[in-house]
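Now, the feature entries from Swiss-Prot:
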- Cys40, Cys45, Cys48, Cys80: [2Fe-2S] cluster binding site (BINDING)
- 3-96: domain '2Fe-2S ferredoxin-type' (DOMAIN)
- 103-206: domain 'FAD-binding FR-type' (DOMAIN)
- 98-338: region 'Ferredoxin-reductase' (REGION)
Amino acid sequence: MNHSVALNFADGKTFFIAVQEDELLLDAAVRQGINLPLDCREGVCGTCQGTCETGIYEQEYVDEDALSERDLAKRKMLACQTRVKSNAAFYFDHHSSICNAGETLKIATVVTGVELVSETTAILHLDASQHVKQLDFLPGQYARLQIPDTDDWRSYSFANRPNASNQLQFLIRLLPNGVMSNYLRERCQVGQTLIMEAPLGSFYLREVERPLVFIAGGTGLSAFLGMLDNIAEQPNQPSVHLYYGVNTEADLCEQKRLTTYAERIKNFSYHPIISKASEQWQGKSGFIHEHLDKNQLSEQSFDMYLCGPPPMIEAVKTWLDEQAIADCHIYSEKFLQSNTAKT
């Protein structure tokens, strides 16, 4: 029996490998061209150290000088001593080039549609089935897309979960003069080819053991759509609270899809928040951190995922510090304005 294992690196690259039931993780990686750093292969030196972020694994001998009891409690592991017992994801705190891992997968995808889901947002639908058996990625990760007939690339989070038919979705904000935005408005046609590099990013859904708080700003929602799709298919579902902030009512998108999660996820709550609300808006207004409930968040431990503009993320983190809410794990991804930004 093979297990699908994601190897994530500090430069944001992810490589998926197949690991046999009784195979050491290090051996499986090397067999598939990913030469994880190593010295001893005996569980002593600690060179092949990583962290298991999701999945079940066992270790053979681990010397106390390589990993302490505290390290082991934090799911630190040695690839040379690790055997996986389920699909899993591991993080290694070094650049993937050290492993001679090569480039992430570049795929020729086909445009199957562009769907306007708000006045300022579209979903780009791509089909990757002609060029890859199934694209593996972790819910929350992103891809780089090359705008046809240019050297420009833009990065967007997957808005759905991996699927056998390789139908992919990306939530894209339509900017007044954005490179991708202009392409979608003026030149994009069904049947065109887009080159995609994927999967990328260290922002993804870890193994779920505690309640979840998702905080999305603008098209940062895209990453959470993939996560929610994944959670909805799981037999053991955590409670999930989604806070979704946008500038105006016109920016809200995927409202019907978001409300269906209440039917698919047992303990799901959804809180749309408008920062520049009109007089007609009857919901929450202002900024997301102004609507977080200190009492609720202090009652239990939880994992918080944040995706969106840097000011939103910093405001939430500052609020958590000011309220002395410490029993939470925070994972975040900022949308930055650059040649490879998610714009």
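Backbone N, Cα and C define each Cβ position, glycine as well.
Location within the structure of each feature annotated in Swiss-Prot.
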| residue | record | CB count, 10 Å |
| --- | --- | --- |
| Cys40 | [2Fe-2S] cluster binding site | 14 |
| Cys45 | [2Fe-2S] cluster binding site | 17 |
| Cys48 | [2Fe-2S] cluster binding site | 23 |
| Cys80 | [2Fe-2S] cluster binding site | 27 |
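In the three-state DSSP scheme, Cys45 ([2Fe-2S] cluster binding site) is classed as coil.
The [2Fe-2S] cluster site is set by Cys40, Cys45, Cys48, Cys80; from the centre of their CB atoms, other residues of the chain with a CB within 8 Å are Leu26, Leu38, Asp39, Arg41, Glu42, Gly43, Val44, Gly46, Thr47, Ala66, Leu78, Ala79, Gln81. In terms of DSSP helix, strand and coil, the domain '2Fe-2S ferredoxin-type' (3-96) has 16 helix, 36 strand, 42 coil.
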